[in-house]
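Notes for the one structure printed next.
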Amino acid sequence: MGAVSPYTIIRSISLFHLTAAWFFLANPRKIVDQNAVFMLGESMRLPHITTMDKSSEASAFIAVLLAFFGLSDLTAASLDDLPALEYWLANVPVRLAVLFAITAYSYLFKEDGMLGETQGAGRFLCNSFVFSWGFMELMIWFWIFVSLKEERRVVAQKIIDARKAEEDTL
């Protein structure tokens, strides 16, 4: 079993989403100007966001989405062990696929990227903020995925041991 439970990590990222939602409502520039966003953007040669100087309709919508994900994930992380394990083992691979697609798109379709010759509708996704968000989320959800796999092995072993003990008593 890992040092940190996958449900603890999920609760932590849910609280992070709720905190980020508040910042997107109050002061989105504080999030966009983080050193991690700047460093990842510079290392990948991605342009920086210039439109998040103050709260706007877009930042309010992002705040609503983050708050929704944070609250729904907090609720789902509070399920009983077996239903929670089944739910998250079905949910996390989908999240990983979507996050990988967003992160890859923001890098590959940047202005001087491998596939960035054409200006498509998603050109506004090719910036340091979207890449940093996708990359960080991808790392955390992959950690959760690995922890869930370990948790599944532990739960399966407990079920096997319980069945063996039941057989021995009969």
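Positions of Cβ are set from backbone N, Cα and C atoms, glycine also.
Per TrEMBL, the feature signal peptide maps to 1-21. Sequence-distant contacts of the signal peptide (1-21) (same chain, at least 6 residues past either end, Cβ-Cβ under 8 Å): 31, 62-67, 69-71, 73-74, 76-77, 84, 88, 137, 140-141, 143-144, 146-148, 150-151, 154.
What TrEMBL records for 58-76 (among others) is transmembrane segment.
For 88-109 (among others), the entry in TrEMBL reads transmembrane segment.
Annotated transmembrane segment per TrEMBL: 129-148 (among others), in sequence order. Here the transmembrane segment (129-148) has Cβ contacts under 8 Å with residues 2, 4-6, 9-10, 13, 31-32, 34, 36-37, 40-41, 44, 46, 48-49, 52, 85, 88-89, 92-93, 95-96, 99-100, 102-103, 106-107 of the same chain, all six or more residues outside its ends.
Under 8 Å from some Cβ of the transmembrane segment (88-109) lie the Cβ atoms of residues 6, 10, 44, 46, 76-77, 115-116, 120, 122-123, 125-127, 130-131, 134-135, 137-138, 141-142, 144-145, 148-149, 152, all in the same chain and six or more residues away from its ends.
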